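So the structure is just underneath, and the comments pick up after that.
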Amino acid sequence: MPRSMKNDNFIDKTFTVMADLILKLMPGVSPEQKKAFAYYRDGMAAQSEGEYAEALENYREALALEQDDEDRSYILYNMGLIYQSNGELDKALEYYHQALELNPRLCSALNNIAVLLHHKGEQSLQAGDEETAEALFDEAAQYWIRAIRIAPNNYIEAQNWLKTTGRANLELY
């Protein structure tokens, strides 16, 4: 039974009913698109409740049905979030990169890649590998710069880090 049918939360049920009605009324929406949306919606619901295995299962189903690249990018991005939450950072990076291939302006994926690269840089620094750490920090900076160029009012903390570490590109500001 789909998650949307067994949820006891009134607000979630209301959202589900409204989303289903909107889908039914939208002209030109194929049955596959409707199924993809239902799986995506159920994946988001499961993810918000910490049911990551169920969320991934729903996202995989949505990904198999979804044809739109931008929609696919958000599915992949959410899968990356789950892997990041589970501490599977390399797998999270893979999914964020796949999302960016489909949607190069997905700022949240750019930011999350930068955050993970920065984290890996910190780990390398703690392990005494300054050369690897600096390379990872430089790579993180490039992703943050891309995100800031798209959304200049976001990522203030990243902008400050770029400035204080001398990695701020003057063209950025």
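Cβ atoms are placed via backbone N, Cα and C, with glycine included.
Secondary structure counts, DSSP: the repeat 'TPR 1' (36-69) has 28 helix, 0 strand, 6 coil. What Swiss-Prot lists as repeat 'TPR 1' is 36-69.
For the repeat 'TPR 2' (73-106), same-chain residues at least 6 beyond its ends with a Cβ under 8 Å from one of its own Cβ atoms are 40, 43-44, 47, 52, 55-56, 59, 62-63, 66, 112-113, 116, 119-120, 150. The feature repeat 'TPR 2' is assigned by Swiss-Prot to 73-106.
With a cut-off of 8 Å between Cβ atoms, the residues of this chain six or more beyond the repeat 'TPR 3' (121-154) that come close are 105, 107, 110-111, 113-115, 161-162, 165, 167, 169, 172. Swiss-Prot lists 121-154 with the feature repeat 'TPR 3'.
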What DSSP reports for the repeat 'TPR 2' (73-106) is 27 helix, 0 strand, 7 coil
